[in-house]
């Protein structure tokens with residue numbers, strides 16, 4: 001143990017003297033701090049926008065009340081009044097922004113057909129989206145391995161190349177002890193930095209202190225451990241520093257860049273989702289055919305879904321709102337199979353990606369972080385479902401006004417339902433990711449230690 | 001002498017097993033990316049073409065309807081992908097595929113591939129441009145990092161110089177040799193791309209595409225030249241091979257990975273854009289109450305009606321030869337479109353400001369010069385996307401105004417009547433003409449100049465550094 005402490009201490013002295021490494025560690029610390037700042041600022045901006053939406057709604061109600069000073073036809077109100085479905089971020093979202101920048105975080109809904117409104121997108125700068133988010137998860141998943149590589153690529157090879165290794169091994173210390181002490185010191189530096197940044201990030205984002213904190217730290221820690229395992233593996237190979245650098249960088253390139261980008265192309269090709277465009281066309285066609293169809297036919301079809309309104313008066317007017325909203329609803333119904341297929345297709349895409357993440361620990365870590373933060377595709381699909389239920393609630397409120405011909409008074413605006421949805425946290429997916437990381441860690445260390453035992457360290 | 005050094009470097013590169021394996025790997029990735037990219041391109045293109053065809057048919061086969069109904073029925077504009085975008089996806093994964101064109105409002109372009117994918121897509125997609133921009137430089141770094149250091153470590157550099165060559169000549173010889181090796185790796189993929197382009201569509205012979213492809217190739221040639229010269233210069237200045245390699249890898253990470261993301265995020269943070277809800281509310285407000293806030297819609301409509309009555313010298317609306325509703329609608333559309341255009345231009349300017357930081361960073365980072373250049377030539381950059389949005393909006397506006405004009409000409413009591421089904425068949429459908437190369441080039445001036453500046457600067461300044469580097 002004393003020996004270990006001694007080796008550890010000398011590694012510390014070594015590290016303190018290496019200006020390049022100190023600079024690199026400092027840079028990573030700065031990158032992490034910027035990542036925390038950027039991610040939380042982005043989420044704060046989204047929160048601010050979400051908070052402003054009810055004001056926009058109130059402003060619009062005031063406008064409608066001026067436009068319709070007395071009791072109004074509910075059909076007019078339903079046509080003009082904009083309701084907002086809000087997708088609030090979790091406190092974690094700032095640490096792993098995921099897809100929250102490309103998917104809209106609110107939807108403007110009117111009483112019209114839902115399918116024409118559900119897929120509206122938010123203003124997004126595509127060039128920014130392409131470059132991606134510089135959040136804490138990015139720093140941990142992309143940049144931490146690079147620090148680990150920089151710290152570890154010459155773990156034994158530099159001593160060998162400088163001719164110190166024979167001297168070192170002449171002391172009463174085994175090569176394995178040496179490697180483990182060196183790794184332990186670097187591990188302490190990296191894990192310390194990761195823990196510091198995570199703690200700052202968690203504090204800054206004001207996450208609730210529950211089991212997810214442990215899960216996040218475990219994910220980050222295991223991911224770093226994995227990369228140290230790769231370093232161990234390459235060290236056990238006993239080649240030159242240049243070779244080690246190339247091999248480690250090759251591993252990084254393969255696991256962090258190539259495998260994910262190949263998978264991305266594969267998943268998109270294996271699970272195509274053409275239903276998006278199809279359902280948009282279908283819904284418009286179905287709604288607009290409502291204008292040309294005999295009114296009693298539309299109403300008959302509608303009453304099949306809503307028998308409670310069957311007894312309402314027959315429509316003789318040229319235009320009446322309840323008929324208009326009936327064919328809006330029927331338009332949604334006719335697009336419903338396609339809409340379901342579209343949502344299922346996207347969910348299957350995500351499921352396929354989840355099945356394949358074990359191919360790269362970087363994927364496991366990133367997707368687990370996103371699942372924990374509720375910023376991935378399933379959270380958005382859940383929001384869309386929630387918005388659909390909100391639209392149902394709106395229709396449920398308006399239909400009695402429309403079919404029973406109740407005038408819509410100023411007091412009735414207050415009865416309109418509001419919507420709020422907060423991203424769900426998928427701890428199941430995060431646990432699964434943790435399991436995969438654990439397996440990969442076990443595999444690299446098993447292999448690395450076996451190789452280290454199997455081939456004695458050559459001093460030259 | 002330079003030629004024989006080049007020849008020697010070229011031959012020894014080919015004999016190097018490590019390089020052979022790596023370059024075969026990169027070549028395989030390049031060819032795979034070309035084929036996969038082409039397949040994805042054809043699939044998406046077909047999906048959108050079929051959809052566009054369907055909605056065009058639907059528009060032309062409408063029954064007798066009132067033109068106002070048709071304006072609300074509207075149509076869709078599907079964004080066709082640019083011919084060369086199978087080489088560089090550019091922003092295409094993050095820009096929408098379809099926009100609904102209807103009266104009164106400008107809708108968002110929806111269904112971008114990124115919205116239909118999980119966060120996997122944020123790791124990047126394997127495209128030809130990705131391989132050329134990030135992986136080939138890495139290969140070149142592995143190829144060149146030992147150019148001088150290995151000769152020095154083996155003591156052969158002094159021998160070489162004793163033959164009467166200068167350091168600069170050695171450097172140029174090596175650069176020439178490595179360049180030939182790079183050509184061997186990249187040329188087959190570009191050849192395959194040309195064949196695919198030739199065999200692709202009936203319009204493949206368009207000179208615009210070939211010019212774009214040629215410039216695409218030329219741009220990457222300059223980019224690779226910059227990387228090779230840079231790597232050789234670093235190798236000449238470095239004390240050891242290891243130091244050269246670590247420096248070059250550090251530059252690669254900074255340039256290909258960290259800087260692009262950091263500048264994009266910084267730009268977005270500095271110039272926040274407004275949300276769609278804010279934009280819509282502002283457009284609504286100004287259209288309702290007038291751009292100056294003192295010209296409400298009702299008053300504008302009343303003035304318009306009074307003007308019509310005066311113009312035709314009648315006192316009753318029913319005596320007018322035109323439909324007041326149609327004329328009012330046309331005026332309202334013109335007004336709100338003008339308001340919308342202003343806000344849309346503001347938003348686009350904000351995005352351009354956000355992106356400007358990245359574009360200027362091209363002076364610091366050759367990767368950020370080739371990236372916009374490549375996607376600009378492939379037709380998948382921001383400017384091309386905005387061009388589509390504007391074309392779709394221009395079509396929407398003229399379609400709606402045409403329909404409003406039809407309604408106006410129906411005269412008083414138009415609401416009781418419909419226009420014949422043949423009316424809709426006479427209306428031209430939306431066809432998108434992608435902008436020509438001449439339109440795209442001026443916007444690519446900065447990155448192109450930055451890349452050239454890198455090439456010239458390294459050839460001049462870098463070589464002066466080589467001159468002054470140590471020999472032994």
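The chain as shown is numbered from 1 upward.
From the backbone N, Cα and C atoms, a Cβ is placed for every residue, glycine too.
Because TrEMBL annotations are produced automatically, they should be read as predictions rather than curated entries.
Pulled from TrEMBL:
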type: TRANSMEM; residues: A:21-40; note: transmembrane segment
type: TRANSMEM; residues: A:136-156; note: transmembrane segment
type: TRANSMEM; residues: A:183-204; note: transmembrane segment
type: TRANSMEM; residues: A:216-234; note: transmembrane segment
type: TRANSMEM; residues: A:246-269; note: transmembrane segment
type: TRANSMEM; residues: A:429-452; note: transmembrane segment
Taking contact to mean three or more C-beta pairs under 8 angstroms, with sequence separation of 6 or more, is the transmembrane segment (A:21-40) in contact with the transmembrane segment (A:429-452)?
no
What same-chain residues lie close to the transmembrane segment (A:246-269): Cβ under 8 Å, and 6 or more beyond its ends?
141-142, 145-146, 149, 152-153, 230-231, 234, 237, 239, 349, 352-353, 356, 359-363
Intrachain residues whose Cβ lies under 8 Å of the transmembrane segment (A:183-204), provided they are six or more past its termini:
4, 7-8, 11-12, 15, 25, 28-29, 32-33, 35-37, 39-40, 94-95, 136, 139-140, 144, 147-148, 151-152, 155, 213, 216-217, 220-221, 224-225, 228, 231-232
Could you pull out which residues elsewhere in the chain have a CB under 8 Å from any CB of the transmembrane segment (A:429-452), counting only those six or more residues past its ends?
175-176, 179, 212, 215, 218-219, 222-223, 225-226, 229-230, 232-233, 235-237, 354, 357-358, 361, 364-365, 367-369, 371-372
